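So that you can see what the record holds, here are the features copied from TrEMBL:
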| type | residues | note |
| --- | --- | --- |
| DOMAIN | 9-144 | domain 'EamA' |
| DOMAIN | 155-296 | domain 'EamA' |
| REGION | 306-342 | region 'Disordered' |
| TRANSMEM | 40-61 | transmembrane segment |
| TRANSMEM | 73-93 | transmembrane segment |
| TRANSMEM | 99-118 | transmembrane segment |
| TRANSMEM | 130-148 | transmembrane segment |
| TRANSMEM | 154-173 | transmembrane segment |
| TRANSMEM | 185-205 | transmembrane segment |
| TRANSMEM | 225-247 | transmembrane segment |
| TRANSMEM | 254-273 | transmembrane segment |
| TRANSMEM | 279-297 | transmembrane segment |
Amino acid sequence: MQGTRARSAGIVAGLVAALAFATSGPVVKPLLAAGWTPGAAILVRLWLGTVLLAGPAAWALRGRRTALRREWRTVVALGLLGVAGASTFYFLAVDRLPVAVALLVEYTGPLLLLGWSWSRTRRMPSRATLAGAALAMAGLVLVLDVTGSLELDALGLVFAFAAAIGNAAYFALTARPIALPPVSLAGSAMLVGALTVSVVALVGILPVEAPRVQVDVLGAHVEWFVPLLVVGAVPTAFAYGVSAVSVRLLGERLASFLALMEVLFAVLLAWLLLDEAPLVIQLVGAVLVVGGVALVRSGAAADGELRAGSPAPMSDEATRGAPADAAESTQDVPVGALAGPR
């Protein structure tokens, strides 16, 4: 009975976390429509996320300070590609595309990772993995409505596919056990990402405009800082914490599949908050993309070619040769089991 309750609680926590992660695009888009640039919005979002994660990240690092120095390359790469790249390009895409389309394109990141792994190792993926990739690609064709009357912004699609590359980098970098506790990796990478976007904005590459405006949310006028607080807190600290509970109760494998519900929740939130009603063909495509990515993850976990969301366990030899804190950290919540940054 206790195991059933824990499993039920884990499923609820996983769904709540997916819903929280899904709020990013639908909540920030009214602010972009009111005159804020994606650069300004992502700067505030990353710095607020950095502040919120600073305490938990420092607490998790107690007694493991040397781990941060050993893993600095992973932190920098994750901050540049998985945080700054994925988040900024996603906001740039949301500014030009329906939220659901931008997110679904970004979610093809594991397919890019699959292609990279295949070309690098020269090993054909399992049938389940290939079937999932084909299913997801077919779904993406339906989402983009390439043969229909839907017109999508070309530059927005470029940004969305760039976000997918960042998403792939995020999963690749977090799919292996490292010495850093997951929350410390996330917090330090968030800081690197915030600093990177700040530099890009300061040199003028990323426009930053942040007028003091009111935005419309569900028919109510709220001040500009309300959606920013929501985006900085809900998809960051709250979602990460609830996801951690889900992973502990269910294990990273099942929790990572529940995280895919973020896409469907984002479709519903965009429909509710932004009146971005998807076409029936796009809804079918969304289901195919989510199902295909789930198959890719399942097949990859089985054949060991790709660990998107399910970190590979250390071998006995690797564990014996690893520092103590590195071995301990593999028992913590894997970052890759959570949704990528938005």
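Placed from the backbone N, Cα and C atoms, the Cβ positions cover glycine too.
For the transmembrane segment (225-247), same-chain residues at least 6 beyond its ends with a Cβ under 8 Å from one of its own Cβ atoms are 9-11, 13-14, 16-17, 20-24, 27-28, 30-31, 41, 44-45, 48-49, 52-53, 56, 182-183, 186, 190, 215, 217, 255, 258-259, 333-334, 337-339, 342. Scored on C-beta pairs under 8 angstroms, the neighbour of the transmembrane segment (40-61) with the top count among 99-118, 130-148, 185-205, 254-273 is 185-205. Break the domain 'EamA' (9-144) down by DSSP state and the numbers are 114 helix, 0 strand, 22 coil.
Within the chain, the transmembrane segment (154-173) has long-range Cβ neighbours (under 8 A, six or more residues past its boundaries) at 74, 77-78, 81-87, 89-90, 92-93, 95-97, 101-102, 105-110, 112-113, 116, 144, 307-309, 336, 340-341. DSSP places the residues of the domain 'EamA' (155-296) in helix, strand and coil in these numbers: 105 helix, 8 strand, 29 coil.
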